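Participant: As annotated in Swiss-Prot:
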- 9-16, 56-60, 119-122: GTP 1 binding site (BINDING)
- 187-194, 234-238, 299-302: GTP 2 binding site (BINDING)
- 3-167: domain 'EngA-type G 1' (DOMAIN)
- 181-354: domain 'EngA-type G 2' (DOMAIN)
- 355-439: domain 'KH-like' (DOMAIN)
Amino acid sequence: MKPVIALVGRPNVGKSTLFNRLTRSRDALVADLPGLTRDRHYGEGRMGERPFLVIDTGGFEPVAKEGIMHEMAKQTKQAVAEADVVIFIVDGRQGLTPHDKTITDFLRKSGRSVMLVVNKAEGMKYTMVTADFYELGLGDPYVISAAHGDGVSDLVEESLDIAFAQRPPEEEVPESKDRSIRLAIVGRPNVGKSTLVNTLLGEERVIAFDLPGTTRDSIEIPFEREGKLYTLIDTAGIRRRGKVFEAIEKFSVVKTLQSISEANVVLLLLDAQQDISEQDAHIAGFILESGRALVVGVNKWDGLTSDRRDEIKIDLERKLGFLSFAKTHFVSALKSSGIGPMMKSVDNAYAAAMSNLSTPKLTRALIEAVEHQQPRRKGSIRPKLRYAHQGGMNPPIVVIHGNALDAIDANYKRFLEKHFRETFSLVGTPLRIELRSGKNPFSRSEK
């Protein structure tokens, strides 16, 4: 499980600046939740070999009772509940404010690990910029400049150390799970995720209802279907209570992102009775960016008129056309209709994502592609593609070597991707193409 860091503080203390630095400006990978003026943003960062999720919150008024500030406070409280570590940011130039004290009182009651961070400390001595903030009783403050990056690496390293130290040791995964397909079912609330889980498990092991609270605990449910082993990764907030699993249809962005990152295959479930939303597209975008194999399921298909079915298909093509590599199935989780073929596509997507592609076959496919259509010249230079090899799995990565490959445009790269897909039957998985140019023997070099 990736640790979760929440950035909290009053308005304009530098939360978004720090967020953009931690995520290298890839903010809002799964963008704003609907219906709110200012929502929390989620992004993914990495420190060395340690990935993490980071939440950027709006300005925080813990005691706000109504209006925009009340909604923002709710969002921030949810972010704190989802976090392993809270980075509480204050403004070193403005000094301590009553607002900072109010936020401190809330954070102390939350039970979360809190790191006090003094931002905007450029050119100021540590003792001078931190003196006021000891009054908050949160220990020695960390001093950073989010704008310039000073002190940020040390801050993140320390926060990750805290996050990992307070987590229970992970249990050893049984050998049977190692051979299973790790499946995450994701989607907006009430699209039928828990009903589909019930159908897949073949018994009423999951109870679907809304519960308050968070969905921070990760669980895995092993199951077998037609002789194949799967491990269902919690996405809808499935929690163990005694021997029963409860599915909380309370949408958790953190849970969704973590589940996607831990899966071999992601099943994106949509609701045929509703139009495809911006939130659906954002989730799909994150799945694509994560490189996970994908199957799309359109649930509640039974009982729809032919006109409505046509509308949905047009909507799919228009809003989720970038998922054309994935199989789409029209199903009814409640009536178990279409589930078998959909799970077959899960198997096929997994097989495609884990394909072992030999260098001779990849190179032969590359030569065939170039013979069919050569890349365009860029000025007087025509790129030369010489050979290809596999650079990774899940998703498959095809590394192409040659000369002047930086002259290849996006259209030709898409052509190559399509050719490799068709040649190797890579359905249901993203495919990455990497271009590596050798040195041009005719270019000038330093003697």
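Cβ atoms are placed via backbone N, Cα and C, with glycine included.
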Participant: Between the Cα atoms of Gly187 (GTP 2 binding site) and Gly9 (GTP 1 binding site), find the distance and write it as a whole number of Å.
Facilitator: 30
Participant: Below 8 Å Cβ to Cβ and six or more residues apart, same chain only. Which residues does that give for Ala121 (GTP 1 binding site)?
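Facilitator: Sequence-distant Cβ neighbours: Gly92, Val129, Val143, Ile144, Ser145, Asp150, Gly151.
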Participant: How would DSSP class Asn190 (GTP 2 binding site) in three states?
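Facilitator: The three-state answer is coil.
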Participant: Which residue counts does DSSP give the domain 'KH-like' (355-439) for helix, strand and coil?
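Facilitator: Summed by class, the stretch gives 32 helix, 24 strand, 29 coil.
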Participant: Could you round the CA separation between Trp301 (GTP 2 binding site) and Lys15 (GTP 1 binding site) to a whole angstrom and send it over?
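Facilitator: Between the alpha carbons of Trp301 (GTP 2 binding site) and Lys15 (GTP 1 binding site) there are 43 Å.
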Participant: Within a 10 Å radius around the Cβ, which one of these binding-site residues has the most neighbouring Cβ atoms: Asn12, Thr57, Asn190?
Facilitator: Thr57
Participant: Report the mean pLDDT of the predicted model across the domain 'KH-like' (355-439), rounded to a whole number.
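Facilitator: Looking only at the domain 'KH-like' (355-439), pLDDT averages out to 91.
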Participant: If you measure Thr57 (GTP 1 binding site) to Asn190 (GTP 2 binding site) at Cα, how many Å is it?
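Facilitator: Given the Cα positions, Thr57 (GTP 1 binding site) is 25 Å from Asn190 (GTP 2 binding site).
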Participant: What are the non-local neighbours of Lys15 (GTP 1 binding site), defined as same-chain residues 6+ apart in sequence with CB under 8 A from its CB?
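Facilitator: Set apart from Lys15 (GTP 1 binding site) by at least 6 residues yet with Cβ under 8 Å, we have Leu7, Val8, Gly9, Asp56, Thr57, Ile89.
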